[in-house]
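A short worksheet on the structure shown next.
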Amino acid sequence: MTNIRKTHPLMKIINSSFIDLPAPSNISSWWNFGSLLGVCLIIQILTGLFLAMHYTSDTMTAFSSVTHICRDVNYGWLIRYLHANGASMFFICLFLHVGRGLYYGSYMFMETWNIGVLLLFAVMATAFMGYVLPWGQMSFWGATVITNLLSAIPYIGSDLVQWIWGGFSVDKATLTRFFAFHFILPFVIAALAGVHLLFLHETGSNNPSGLSSDADKIPFHPYYTIKDILGALLLALVLTCLVLFSPDLLGDPDNYTPANPLNTPPHIKPEWYFLFAYAILRSIPNKLGGVLALVLSILILAFIPLLHTSKQRSMMFRPLSQCLFWILVADLLTLTWIGGQPVEHPFIIIGQLASILYFSLLLVIMPITSLIENNMLKW
């Protein structure tokens, strides 16, 4: 009898994606983050679904409905903190996944990479709207500040902001539509992730050496299924420890105060995973310039394949580029730290220097260094 997984139309797709998929024999644990992001997305959709059963998207009751979830719903506190900290785990995996792509030259798969950049924007939009929903002080003021940035767009800016708000300020209409979008976007992300995988499987995975692995493939199952399960268990361990021991470690205390339009918090700042972009935004004194820099800080990833000047794909055999890559990582950590600091000396100048270094490394220094490495190897 013919094996059902190779003949059944639905099973065939699963089989060719997760069972009989030919995978390079030398991919390291850095290749685990794709599956971990899938696990994170499933956790977020499931916990979000149960939260939505008890949440009300009305300015009068949103804050108290979240309180009700934590106090009165069976294991509501657990679901709420799994969802909040699950977002942090999601972004940790995302940043490591993108970093892996930059280091090993995975961006040379253009379609896969560009859909990945689109996914990054979609996840950031979803996280931003989700942060508004508890309707605490930082939710309200974060929404006000970030949506207000669109007013920097010439001619249509102020109309666009009012259109998004559904009025003349962040209010009930804004909260309701943010809840609607926050609910639907994860399913759009899941669909995009499917397309991301589709394009990846057209070419096959990259590997640490950046060389073709066609001559040395192994089946995905059992080798990489067991490896991915180990990764998922470690992710679950970290998330569980975070949720059960210090669930508010990554949150903002201001969000435990109900939203008050008449009282501005002393330091308005987004969640930790947006701080690097927020620091770049704040480092430019001009409003439109800041908004453009903010968008470009992420959009620059789409131009990385065009800036690849090396004859080698991966950084595995390129020590100079490796050094610059880790300087870039340190720079991003510096920007994240600066984003959480008040706008005063010396943080302003540190933020400006870190922002200049960020764009200089990606646009100028790394491509030139790659050319130097080519010459050193007489290529």
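Quick reminder: no glycine exception, Cβ is built from N, Cα and C everywhere.
Listed features, source Swiss-Prot:
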BINDING   His83, His182  heme b b562 binding site
BINDING   His97, His196  heme b b566 binding site
BINDING   His201  ubiquinone binding site
TRANSMEM  33-53  transmembrane segment
TRANSMEM  77-98  transmembrane segment
TRANSMEM  113-133  transmembrane segment
TRANSMEM  178-198  transmembrane segment
TRANSMEM  226-246  transmembrane segment
TRANSMEM  288-308  transmembrane segment
TRANSMEM  320-340  transmembrane segment
TRANSMEM  347-367  transmembrane segment
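Cβ neighbour density within 10 Å is lowest for His201 among the binding-site residues His83, His97, His196, His201. In terms of C-beta pairs under 8 Å, the stretch of 33-53, 77-98, 288-308, 347-367 lying closest in packing to the transmembrane segment (113-133) is 288-308. Contact between the transmembrane segment (33-53) and the transmembrane segment (347-367) is not supported, since fewer than 3 Cβ pairs fall under 8 Å when only residues 6 or more apart in sequence are counted. Residues within less than 8 Å, Cβ to Cβ, of His182 (heme b b562 binding site) and separated from it by at least 6 positions along the same chain comprise Gly48, Thr126, Met129, Gly130, Leu133. Residues 98, 102, 105, 107-108, 110, 113-114, 117, 120-121, 124, 149-150, 152-154, 276-278, 280-282, 355, 358-359, 362-363, 366-367, 370 of the same chain sit 6 or more residues outside the transmembrane segment (288-308) yet have a Cβ under 8 Å from a Cβ within it.
Scored on C-beta pairs under 8 angstroms, the neighbour of the transmembrane segment (320-340) with the top count among 77-98, 178-198, 226-246, 347-367 is 347-367.
Here His83 (heme b b562 binding site) is positioned 30 angstrom away from the residue listed as 'ubiquinone binding site', judged by their C-alpha atoms. Calculated from their C-alpha atoms, the gap between His83 (heme b b562 binding site) and His97 (heme b b566 binding site) amounts to 21 Å.
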